[in-house]
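Before any comments, here is the structure.
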């Protein structure tokens, strides 16, 4: 086992990364190794998908399967060995079909196919022990003693960044948003990673390509969500329980939430969002369901306590899942799509009757708690509608600075930095937030500036697209570069979606971003220095020091 993809990975003087019997996330060594083997096989699929396009063959299932299966290897998504093996075998099958099609097409055209990496032809073993033995050749740090540490760091940066983009591609696909051009670029990069390049410059260029790719993916996902559910609008949301039977929907999948709401109509069940599903309550389409009563709980890392206390059924539509046996609720949590946990019921298709039956069999909430309202829904359209008022308040001096404070949440005590930072921002500034990092401060009162709320909840982590669009609009109004705006980005990271959003911002030329609470363990000091020199990327220090530096206070 070697895994170094998330913020909570082991860090020691002897080296970084989880490389023992179990990772910090609870992932067993065998599961980690099987995920590495799956990624290896997916690189082989992409290698042939690239060849197929070069030969003029039509797109295949690989365009959707590879990103989806890649998503399954994201932090806190799938811990089920059998499901991972199933994905790997399907990858082998798809690859073999593509290989045959390409070979036949090349023969007809009189073209000689160049050799491809081993992942394009290796045959999987028939047993789990054989697969685990094969996985030794798929470790992400394979050959680390023979190549420069910066090259290894760049490989991992690209791998984890592309993994984040794959997750957003799958979210978009669920909403019937796909692009042949995006799929082609994804396969190109995936196939390139399969060559194990030692060219640092080429790897750095590909990292920026991944950022550019993800910007297009986020735009596609934004289109999918708004086409299906309307544009989010400022909305008051209750964060306290309501009396009655209950279902909790966590993850990111709005389509699953819609299906659950339709199937629970008239059944006396209240539905709650959790974690990154909170923004759903701001979409017009969901407001037709009175039994969508609010948001329960907070960010992913608190689920073992929150789910244990939730007296109903829970559905995990995507990341993040952690061991449900700790809180003894494994018998009433259900997984969907790419999510998996051994022994937990996995739902295929669109029938949620098992969830409904479980919810009806449970006690539910016995009484209403006193309502506590928070405001959400300041996504792209709402921000653009508010832009004239924002511009006027900037011009008259009422608004002097913008802060984007958000990203991933996590366990570490150091993450209290983001709570303290938000609380310390001056009263003449606006705070934009997104992702589950918002839970560090989204129930606090920040007041308003001439009717404009100081705290503007943009939405899910992928709604960084909305923040980018606002920054572009403001830069056009003020006729300046984005980096000349009074805008500072302070981002918390945990996993691979955050990595690709960072790459997206860097690829767009956004500079002077602060990230925390710690730098990615897979990045070397030298590479961090390159990112600082080229983009002004900095790690968070203390709230006082960072705010003083941002606001040029001596």
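Each position is counted from 1, following the chain as shown.
Positions of Cβ are set from backbone N, Cα and C atoms, glycine also.
Annotation comment: Swiss-Prot describes 3, 6, 18, 25 as [2Fe-2S] cluster binding site, evidence class sequence analysis. Of all Cβ atoms in the shown protein chains, 26 besides its own fall within 10 Å of the Cβ of residue 3 ([2Fe-2S] cluster binding site).
Per Swiss-Prot, the feature hybrid [4Fe-2O-2S] cluster binding site maps to 252, 276, 320, 408, 436, 461, 495, 497; the stated evidence is sequence analysis. DSSP gives residue 320 (hybrid [4Fe-2O-2S] cluster binding site) a coil state; it is part of no helix or strand. Summarising the environment of residue 320 (hybrid [4Fe-2O-2S] cluster binding site), the number of other Cβ atoms within 10 Å of its Cβ, over all protein chains shown, is 27.
Long-range neighbours of residue 408 (hybrid [4Fe-2O-2S] cluster binding site) (same chain, six or more residues apart, CB within less than 8 Å of its CB): 7, 435, 436, 437, 461, 492, 493, 494, 495, 497, 498. Among the features that Swiss-Prot reports, cysteine persulfide is placed at 408, with the record citing sequence analysis.
Ranked by CA distance from residue 18 ([2Fe-2S] cluster binding site), the binding-site residues 252, 276, 320 have 320 at the top as the closest. In space, 320 is the closest of the binding-site residues 252, 276, 320 to residue 6 ([2Fe-2S] cluster binding site), judged by Cα positions.
All chains included, 26 other C-beta atoms sit within 10 angstroms of the C-beta of residue 436 (hybrid [4Fe-2O-2S] cluster binding site). For the [2Fe-2S] cluster site, the Cβ centre of 3, 6, 18, 25 serves as reference, and the other residues of the chain with Cβ at most 8 Å from it are 4, 5, 8, 9, 17, 23, 24, 27, 32, 75.
Apart from 252, 276, 320, 408, 436, 461, 495, 497, the hybrid [4Fe-2O-2S] cluster site neighbourhood in this chain, defined by C-beta within 8 angstroms of the site C-beta centre, holds 275, 300, 319, 435, 460, 494, 498. In the three-state DSSP scheme, residue 18 ([2Fe-2S] cluster binding site) falls into the strand class.
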